Amino acid sequence: MPVTGRGPCGTCAPALRSTSKDTILTHSDQPRPLQSRANGPLTGKVRVPGDKSISHRALILGALAVGETRISGLLEGEDVLNTAKSMQALGASVERTGDFAWKVQGVGVAGFAQPKAALDFGNSGTGCRLVMGAVAGCPISAVFDGDASLRSRPMRRILDPLEKMGARVVSGGEGGRLPLTLQGARDPLPITYKTPVASAQIKSAVLLAGLAAPGTTTVIESEASRDHTELMLKHFGADITSTKEGQHGRRITLVGQPELHGANVVVPADPSSAAFPVVAALIAEGSDVVLSDVMTNPLRTGLFTTLREMGASIEESEVRGDAGEPMAQLRVRASKLRGVEVPPERAPSMIDEYLVLAVAASFAEGTTIMRGLQELRVKESDRLEATAEMLRVNGVKVEVSGDDLVVQGRGHVPGGGTVATHMDHRIAMSALVMGCASDQPVTVDDTAFIATSFPDFIPMMRSLGAEFS
């Protein structure tokens, strides 16, 4: 079926279907408070939704390819659905053919059509920034917009390299904030660009714009960020290479103006979503949980590395791969955790997981220091301060020192607090995980935004034994 219906921002969206008897979450303007309380061990086997990063990229590259792309395991959360709608608005055919199964008929590199209305990305910074890159290489203009949270987030770091490639920001808010109009380049220029921070979004936007440029586009990173765009570009037929640059960095080189070919993509389970049941199982005494097909790309598994350093029992089996992305079954058992120091160079591989890591650190014995978290300040909320606030209201001793987070673990969490989510899905899920093992229940002021990335989170956690009411 084509993408139809009313979405969170007045745009089109498909109806989401749940495999659970519980109602799946969809975002609304009405707050949805929820309380989480300890209810014994968590047990069972589940598959968390498809990886959000892969889902966005599969839709975008499918739209830029010639021929048909079939995607299975797509994350059907609001963020990804907004990317699907944008591809449809730009001229690609996008259809849902079954549960988590989608078909994209592409228009080719630089083949996007002029959209008739603004591209509304809701809460999705990833979708918005990647599509900016794809549009920058096309001779069209497009209005980019989103919800109040996305409108507050800076876009200048993305726009600077795109303007060097010939795109123009015709109008926009201070700091390149949404809503803005982007005029793509009629004759895009290849560039060599050194990213100011380790950011897969900056890198990906430049590479997607570079597809339409003649010659070679190069991105240099001093710290390697997640490499899903590079792997998927290769899967679709692009000539792209990645080599080591310095101690921790990468140099990525893309030959422009390829003909990408439609491909089949199997989306692995999202490690950023798996992080929540993983930590819940570690802190709820007696738990034994299995998660299937979780992506184990080493540039995404910083959380699992850190948890193992803390003493976590996380076992991998049934290792396999698809489109260059490795995946495995994870068995997680409740563990006694200890405090550790997390180095700043690990941040790019787990930037979305620090919130739930802070929950794990609260239940550990000893001090956990997480260094170099400046990127958390420009997410859906100021996640660094919001994480500290979440812990404090539940009786955890925590300190923000510059861009570092210091958590004093005492082996248990008093709980009893109400957590303000600041319209941030990961704060909501992290707080609910905390309540699975805290002494007193934890209340979350609004769970509606969980729908952006993990619409089936609440029924899935309940199926493992969590008590949310």
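Placed from the backbone N, Cα and C atoms, the Cβ positions cover glycine too.
Note that the coordinates shown come from a computational prediction; the quantities given were computed from them, not determined experimentally.
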Ask   = Which one, ASP187, ASP352, ASP403, ASP404, is listed by Swiss-Prot in the same 3-phosphoshikimate site as LYS52, SER53, ARG57, SER199, GLN201, LYS379?
value = ASP352
Request  = Would you pick out, from the binding-site residues LYS379, ARG426, the residue whose Cβ has the largest number of other Cβ atoms within 10 Å?
outcome  = ARG426
Note = Among LYS52, GLY125, ARG153, GLN201, ARG383, ARG426, the record's phosphoenolpyruvate-binding residues, the widest C-alpha separation in angstrom comes to 19
Inquiry  = Just to be sure I understand the packing, how many Cβ atoms besides its own are within 10 Å of the Cβ of ARG57 (3-phosphoshikimate binding site)?
reply    = 28
GLY125 (phosphoenolpyruvate binding site): nearby recorded positions from SER53, ARG57, SER199, ASP352, LYS379, Cα cut-off 10 Å = LYS379
Request  = Provide, as an integer number of angstrom, the distance between the C-alpha atoms of ASP352 (active site, proton acceptor) and ARG426 (phosphoenolpyruvate binding site).
outcome  = 8
Task = Would you kindly give the Cα-Cα distance separating ARG426 (phosphoenolpyruvate binding site) and SER199 (3-phosphoshikimate binding site), rounded to the nearest Å?
result = 19
